[in-house]
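Under the heading transmembrane segment, TrEMBL lists 26-45, 92-110, 117-135, 159-188, 195-216, 236-252, 264-281, 316-334.
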Amino acid sequence: MIYFILYIYFLSLSVAQLVYKQKFKVITFFSMLLLVFLAGIRVNTGIDYLAYLDIWHAIAPLSKNSTFQMVAVEPGFVFLVSFIKLLTTKSLYFFLICAFLSIFPVYLGLKRMNIKYMFISFFIYLLVFYLTYPFNGMRQGIAMGIFIFSLPFIFEKKLLYVILLSVIASLIHLTGLLIIVAYLVTLYKINIKQFFLVGFSLSIICLKLDLLGKLLFDVLGVSTVYITLFSESTSMFQITTRVLLLFVLYYFREMIKNPILDKLFIMYLVGFFIYISLFQYNLLATRFNMFFRLLEIILVPILLEKTKNIETRLALLFIFLIPSTYSFYTFLLVEENKYHYELNF
């Protein structure tokens with residue numbers, strides 16, 4: 001029921017925002033805090049909930065912790081948990097803080113980029129990313145939040161800030177290194193058509209020769225257990241959704257001609273190329289791809305803002321909502337995502 005209420009709430013106000021061209025600054029801020037709160041007070045909700053609860057119980061407070069090494073968990077996250085445990089022994093605050101660190105940096109990044117339809121950004125976040133990351137892949141959720149926060153620094157070419165944020169993010173989750181990749185691909189003006197052709201060709205070669213797989217498993221030493229873990233088959237919906245979104249974004253980007261939009265789209269393409277390159281490791285490919293797919297919460301609102309005709313704006317919104325709503329619906333079918341909460345402060 002809570003998910004249905006959230007959906008209706010965000011849908012209604014998103015339509016109202018487009019029709020009346022309002023920023024809804026206060027509503028957006030408190031809606032963001034609502035998402036943080038709901039993610040923080042949940043119990044036994046999310047496939048990875050119990051795994052993170054085990055991590056919480058396994059790590060000692062900072063005053064008693066002599067090492068920040070833990071199998072399959074980055075040292076920065078171990079430090080974070082250890083620090084939180086210095087302040088409280090209640091797991092509720094651990095989940096609240098992690099939810100805050102996932103979502104609040106997104107808000108700050110959107111605000112610094114002056115995204116007019118920020119409320120719609122959080123609607124898309126709710127549908128595609130909320131249950132996947134703040135509820136499940138919490139470490140990557142934090143890294144992705146830092147990525148959105150880093151975007152203004154990337155566009156301003158503030159390399160030291162970008163490196164610092166990338167290092168911090170990667171200490172929480174390895175995908176944080178992709179922030180540096182995002183910076184590098186936006187340094188110079190790139191012809192998007194040529195970039196797509198070259199990038200797609202190279203990603204097919206990487207797929208056929210399993211180059212990224214060998215880099216991750218043989219060179220970087222990622223455990224071979226992930227070869228089995230991440231080899232789940234890719235559904236036709238996953239493929240179709242990514243391709244259609246790519247072409248819709250490209251089509252409207254061509255009509256609008258905006259330099260920031262072009263740079264965001266180039267980053268978005270990098271995520272697509274990684275997805276193709278790691279296609280045989282579906283879950284691993286999705287993890288990397290979703291890092292850059294988070295840019296949809298910026299790309300879509302910018303496209304909507306630049307579209308003058310109200311009917312076209314609404315039509316464009318619903319085009320993006322169709323696959324996003326279906327993704328949200330499939331998440332809700334997972335028994336572990338059934339919402340439970342506990343107000344044990």
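Note that Cβ sites are derived from N, Cα and C of the backbone, with glycine treated the same way.
Those TrEMBL annotations? Automatic predictions, nothing curated.
With a cut-off of 8 Å on Cβ pairs spaced 6 or more residues apart, the transmembrane segment (264-281) and the transmembrane segment (159-188) reach 3 or more such pairs and are scored as touching. Within the same chain, the transmembrane segment (316-334) packs against the transmembrane segment (117-135): three or more Cβ pairs sit under 8 Å, each pair at least 6 residues apart.
Within the same chain, residues 28-29, 32, 35-37, 39-42, 52, 56, 80-81, 84-85, 118, 121, 125, 133-134, 138, 141-142, 144-146, 148-152, 294, 297-298, 342, 344-345 sit at least 6 positions outside the transmembrane segment (92-110) and bring their C-beta atoms closer than 8 Å to a C-beta of that stretch.
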